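Visitor: The following feature annotations were taken from TrEMBL:
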type	residues	note
DOMAIN	50-352	domain 'G-protein coupled receptors family 1 profile'
TRANSMEM	35-58	transmembrane segment
TRANSMEM	70-91	transmembrane segment
TRANSMEM	131-153	transmembrane segment
TRANSMEM	173-193	transmembrane segment
TRANSMEM	221-248	transmembrane segment
TRANSMEM	297-319	transmembrane segment
TRANSMEM	331-351	transmembrane segment
Amino acid sequence: MNETSNEDYLLYVLTRSGCEESQLEVDEYNEIFQIYKILVLVIAPINVLLNGISLKIFGHRLWKNSSTSAILKSLSVFEICFGSSLFLHTINSKVLETYTRLDNYTTANLTEKERMVNAKLVAGMTVSQQILSGFLFAFQISRNWSVVLLAAYRYDAICRKLGTVSSFPRERIPWIMTTTMVLSGLFALPRLFEIKSFICIPTVMIYQEEPLLAGNLMYQLLYLGIGTFIVQSGGPVLCVCILSFFVIRKIALRRKFRKQNQRTVFIAANKNEDNSGSAQQTATKVVERKLPSGDKLMLALCFMFFILETPAFFSKILSSYTSTNYPTLDVYISVIANFLIYLDSTANVFVYMGSNPTFRTVAKLMLGRGSTTDQAKSNVSRTSDA
C-alpha cells in the first residue's frame, strides 16, 4: 500500500486502495450493546426533560438565594449536559453503524466522488464520537463531584462549630462549580486521543483501529486504571459515604446529648420541686444549629447517589479480573453499572419531589399556571369562534 494512497490525519486515515478485503472483527457482544443503546435512547431525552424542569423549579422565587439552591441549579445544568451528551453520543454511534454497514452492491454503485464524500462523513462522525465521548466523561465527573459538594455543604452546615463562617457561601458556589467543570474537562481531554481509525474509501468502512494513547502501558495503568477510578467513581462515592457518616454521627451525638439533658431535668425536678424551673432553665439552655434548609433533599440525593453509583465503583475494581477470566460477566456488569448511573441522573426530580415540600409547591404552581394558561387560550378560542 503506497503512502500516496493514504490521507493521514491526527485521529483518522483515509485509505484509497488495498483495503477492500479488510474489516473490523464483529463484536460478539453486539446484541447486548444494541439493546443497551436502545435503552439509552429512551432514558437520555427523559433525563434532559426532567432535569430541565428541575432547573426551572429551582429558579423560582420561592427558592431562597441559598447555597443549597445554587448547588442544585449547577447540578441540574450538569445533568442536562450529561444527558444531552449521552443522547448525541448514542445517536452518532447508530448513524455511524448505518454508514459503515453499506452492502457491497450499494458501495459499488457509488461514484468516486460519492465514496470520498461518504468516507469523509464517516471520518467526521468518528471524530465526533470521540469528542462526544470526552464530553460525556467530563460531565459525568462534574455531576458526581457536584453531589460531593452537596454532601460537603451538608457536613459543613451541621458539623462546623457555632460562630464560625460557612466554607460554602452562596457567592463561592459558581466559582467552585466552574472550577469543577474546567478540571473535569482537562481530565477528560486525553480521551479524545485514544484511538486512530483507518477508513477504506472504496468500501466506506472502518477497517482498522490503531491505539494512540490507549496503547501506552503507563496511560492504561495511571490514567485509565488508577486515575479514572479515583476521579470518576471511587473518589465521589467514598467522599459522599464518609461525609454522610460524620453527619449521621454528629446528629446521633446531639440526640444523645439532648436525651441526657432531658434526663437531668427530670431528675432535678424530682429532687427539688421548688427549684425545678431554674434547673430546667439551666439544663436546657443548649444552643444548637438548625438543620440546613433542604436537609432531607440533600440526604435523599446523597443516599440515592451512593446506592446507584456503588455498582460502578465495584465494576471498576473487579474489571481487571472479570475482563480476563469472565469477559461475558464483565460486559453485563459494565452495561448494568452504566445504566444505573443514567438512572441515577434521571431520577433526581423524583427525589426532589418526594423529599422537599418547596419543590412540590413550586411544581404545583407551575402546573397550575400551565392549566390556567391552557384554559385561557381555550376561552379566547371559543370567544373568537362565537
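Residue numbers in this text run from 1 along the chain shown.
Here the Cβ of each residue, glycine as well, is placed from N, Cα and C on the backbone.
On a predicted model such as this, the values are computed, not experimentally measured, just so you know.
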Visitor: Where else in the chain does the transmembrane segment (221-248) make close Cβ contacts, counting only residues six or more beyond its ends and a cut-off under 8 Å?
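Guide: Same-chain contacts beyond the flanks: 137, 140-141, 144-145, 147-148, 151-152, 154-155, 158-159, 187, 190, 213-214, 299, 302-303, 305-306, 309-310, 312-313, 316-317, 320.
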Visitor: Taking pairs 6 or more apart in sequence, does the count of Cβ pairs under 8 Å between the transmembrane segment (331-351) and the transmembrane segment (70-91) hit 3 or more?
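Guide: Counting Cβ pairs under 8 Å (6 or more apart in sequence), the transmembrane segment (331-351) reaches the transmembrane segment (70-91), since there are 3 or more.
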Visitor: Need one number: mean pLDDT over the domain 'G-protein coupled receptors family 1 profile' (50-352).
Guide: 84
